[in-house]
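**Student:** Pasting a structure here, questions to come.
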Amino acid sequence: MEHQDPKKIEQFKGQPRLPTFAVPKRYDLTIKTDLSACNFSGTVLIRLSILQATRFLVLNALELVINEVSFTDSHNHRHIPCDVVVDSDDEILVLVFEQALGVGDGVLGIGFSGPLSEHMKGFYKGFDIDVPCLFLLTYVEAGVKKNMAATQFEAVDARRCFPCWDEPALKDITRSSAINKVVRLPAKANAAVDGYACHFHIFVNVLAILSSLLGTPVSYKPLKLVKHARRTRRQATFKITLDDVPSELTALSNMPVSLEKVDGQLKTVYFEDSPIMSTYLVAFVIGSFDHIEDTTTDGIKVRAFCPVGKSEQGKFALDVAVRALDLYRNYFSMPYPLPKLDMVAVPEFPGGAMENYGLITYCETELLHDDLHSAAANTQRLAIVVTHEVAHQWFGNLVTMEWWTHLWLNEGFATWVSYLATDKLFPEWKIWTQFLEMITGGLVMDSLEQSHPIEVDIPHARSIEELFDAIGYKKGSSVIRMLQDYVGDDVFQRSLASYINRFACQNVKTEDLWSVLSEESGVEVNSMMDLWTKQKGYPVISVEYKDQILEFEQSQFLSSGLNGDGQWIVPITVSLGSYDKRNNFLLETKHGRLDISELSGSCDGSSNSNEKRNQEELDKNLWVKINVGQTGFYRVKYDDKLTARLRKAIVDKCLSPSDKFGVYKVIYAFVSSDVVGVRGLVCCRELINETLILGLRDHGPSNVCYNVTKVSIDAMPDSVDDLKQFFINLILLSSEKLGWEPTSGESHLSALLREQVLMALATFGHSRTHEEAMKRFQTYLVDRNTSCLPVDIRKATYISVMSHTSTTNRNGFESLLMEYREADAVQEKTRILRSMASCPDPIIVLEVLNLMMSEEVRDQDVIYGLAGISLEGRETAWIWLNENWDAILKRWGTGMILHYFIRDIVTPFCSHEKADEVEAFFASRMHPSFAMNLRQSIEKVRIKARWVDNIKQEESLKDLVKGLACMVVAEAVEAAMVPSPPFNSGFESAGKRTEVHKKADEVEAFFASRSHPSFAMNLRQSIDRIRLKARWVDNIKQEESLKDLVKATLRSSGSLKISKYLLLGFNCHELPTDFIVRGSLQQASLESA
Ligand SMILES: [Zn+2]
């Protein structure tokens, strides 16, 4: 071929998006895969509309060999390009024609070929290759390794599989004129409109299904057709054919199979035409599976494809999917758009799951479920993932974002709605309470200087990957929850249904959703929400109470302690003294006031002095909770008076669990610059108790404790053991209550909590937890069928095993390694991997890290190992990362998994020196796909380094920590050692061990003949509490070393007293820190006198 003047091609280089003078309408794609030679070839016929005469056709292609190209116009003239240029920097294919192609339709035909990536590895040739588009997988069937192939195209990798216009939509230049033109068309004329193909499909599907169900013809509402066709769309339909498929394998794609032709060992599988969809949603899988299936109430067939012999493990996910489809159909007032939905467990998968239209692919851990190996946490995660991916079929697939800037519309919404669905399907899980984790995770991330807005510009296709982060998912879903709470559930649902119906088969921008919401709710949603999605960060709202007036002031919250200059329109919700008395308003400027005299029921102008006094009395107790139910994406800082009232409201049990958590979490956030300081530790106790009650996980007890320990290991290394003891004491009571084995009919939350609490105890080296874990583990090694190692305690058990493993005593590690190799269930494998690096011996940690680089650990599973690295192993891990960086890049590319390597290995550090070292190391290794992630990790290290500096200056902190370590135990030890017991309420009087039990017996005997249904349960609970304490007292007695510790602290009774005061006195946080620290001993002795 002859070369054209390259300057003409230059104009298409360095552009973030493709030119729009030609748009695809239909792809006819045939792919021939050779699983043994690990490559594929194909042809694609693309029906195009040329909107503007052009000598160039510009589309995307990457790592493909282009064999032949021709364009046939509407007059059946064939045009062969005079030049074919593949530009791998811009990932485009430019076809240059001698003569301009005229306006009108035509068909572009391209033949191409490419390599299948072997084991997601051989494909990685350089820095710019992330996730393979069509990749080769291996799986083991009856002991034999076999090959299969699957696709993963989101965000921009369809171009690696076939040449295409690989954008969710092209820039819609004719949008507004199209609306005017099309809307006047009579319904019949819609066939000529772009939107037709899509609703034609819905139309045909729904019609066919309803007709078959009812036995009578059902008509489709033509009104919807007109509505749908309002806007020109730029997506295309797909007809997919898979050629040369080994005849014994299953071939799946977005649509059902229309024809299968078997020719000896091979077959050709033809799929039905798809409705219009974006290229990133195209998918196919070729492999060996067993499947099970079910049908929704409106006749949609749903199938779960599992590894051969494991189809039963797809049952749970299948049930969730079927129920979710029914639920969403009603919620969105729109039928599921395709005739079928398949879900496939793919053995190696670079993420959790992918919502391909009609063919959802899952990592095995996210689809397979069995009662023996799936912990409560796995079950919950699975339900969330399935409902998330199914929701995308509407939100994302049927209505698609216009460009990746609006990616959050997909992810934020799917995340939010997955909680909505899970709550409806499993109300007993109280999943909205756990949504607090989402909000908290978003708040933590978005308080960094290096955070980013929800909506961002995309300078290069490869920087899209950084957007799949906590901001898109957690902040995205949180601001949606905030908006839903503000406009009300009904209005919100109505708006979403109207949005889905209006924009079905089209591309949308964030503003389109806000417009519908504004119409339906009457609230100016656009101007409000722009501030939340287009600028980073969030406000802290300071509230002061003065003479029946609440005064508000907003400023941007930053973890660094500085104030940013962001400002928002904040939907404020207020409850006054009761959840019935509620007020909502928008804080639109920096300052705001709310007169609450009416809400608080004040009697204005009353001259009666008695009434006035009563009113003052009433006022004193009136609590004010801002951000009711913690649905807002902001923090609230109350003045001292309001805080004191809230604490009293908590004691009086007036606040909901979410609000209680919110109050403590906020206090904790404000003292977290002082996290190991006095006030931080006091809040820790309250916060941990709340998280224990709520059953939170990511931000639950273990997380709070780990974070504090991480900092203190640098700030006060001598006190780390005391600190661990303090945490152990805080958690111990919960663990005693929960025990090691599930009780029949226990709640989902108890199972979740048991795992968390035992994991925390194991991590902090609690000796009795370790003994129990070892006993159970040994029994299990001898008898794999034993019931003594239920799935929810396994992680804790394995961590315990590893915490006592070292280079000189490797037994535990070797046994676990054997377990890992033999385990068949993927969830069990990841559980073991998560615990192995938690070993305190750095040499063992190094062995585990090296294991992760081996063939034995599947690519996507390394994230579990990285998450578990012990604090003692962090330096080893960092050196290991330095030495293996090139190998890591080679194997994982610059994809999302690389973020885990950086984040999990860098953030445990707390010193400026280390932050400098990390910066120096990456100076010459920077890449756009992880640049932001790295900056965020370094910022976290520097924030903690500042804490460490502060803590080091607090001299008396050591004594205090020692006091706290004994504090909780001391209460019980007093009961064990001191004749006069501290427990003195009601039935709970307790004394020495024998007396405690005797007292319980005595109480039981007394009530044996006096029991009455009205107090029977209350009595049983009281007796249980006595016996629980009795066991606790008994256990403490056996811990010799504790006694010494307590005695030492009791001697310096001042410190103990002040600790007690700190922990029990609810107003302590209002005292200035230096007062508490400096004056603690004198104050305490004065008080005790
Ligand atoms: Zn998603």
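Indices start at 1 and increase along the chain as displayed.
Each residue, glycine too, has its Cβ placed from N, Cα and C.
Just so you know, TrEMBL annotations never went through curation; they're auto-generated.
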**Student:** Can you pick which of GLU402, GLU411 TrEMBL lists for the same Zn(2+) site as HIS388, HIS392?
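**Tutor:** Within the candidate list, TrEMBL flags GLU411.
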**Student:** Around the C-beta of GLU411 (Zn(2+) binding site), how many further C-beta atoms are within 10 angstroms, looking at every protein chain?
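**Tutor:** Other Cβ atoms within 10 Å of GLU411 (Zn(2+) binding site): 24.
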**Student:** Which residues, in sequence order, are found in the same chain with Cβ within 8 Å of the centroid defined by the Cβ atoms of HIS388, HIS392, GLU411 at the Zn(2+) site, excluding those residues themselves?
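**Tutor:** For the Zn(2+) site, the extra neighbours are GLU355, GLU389, ALA391, PHE395, GLY396, ASN410, PHE413, ALA414, THR415, SER418.
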**Student:** If you measure TYR473 (site 'Transition state stabilizer') to HIS392 (Zn(2+) binding site) at Cα, how many Å is it?
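**Tutor:** About 13 Å separates the two Cα atoms.
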**Student:** Can you tell me how the residues of the domain 'Aminopeptidase N-like N-terminal' (235-281) break down into helix, strand and coil by DSSP?
**Tutor:** 3 helix, 29 strand, 15 coil
**Student:** Which state, by DSSP, holds TYR473 (site 'Transition state stabilizer'): helix, strand or coil?
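**Tutor:** In the DSSP reduction, TYR473 (site 'Transition state stabilizer') maps to helix.
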**Student:** Using the alpha carbons only, what distance in Å do you get between GLU411 (Zn(2+) binding site) and GLU389 (active site, proton acceptor) once rounded?
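**Tutor:** Answer for this pair: 10 Å between alpha carbons.
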**Student:** Just name the winner among HIS388, HIS392 (the binding-site residues) by count of other CB atoms within 10 A of its CB.
**Tutor:** HIS388
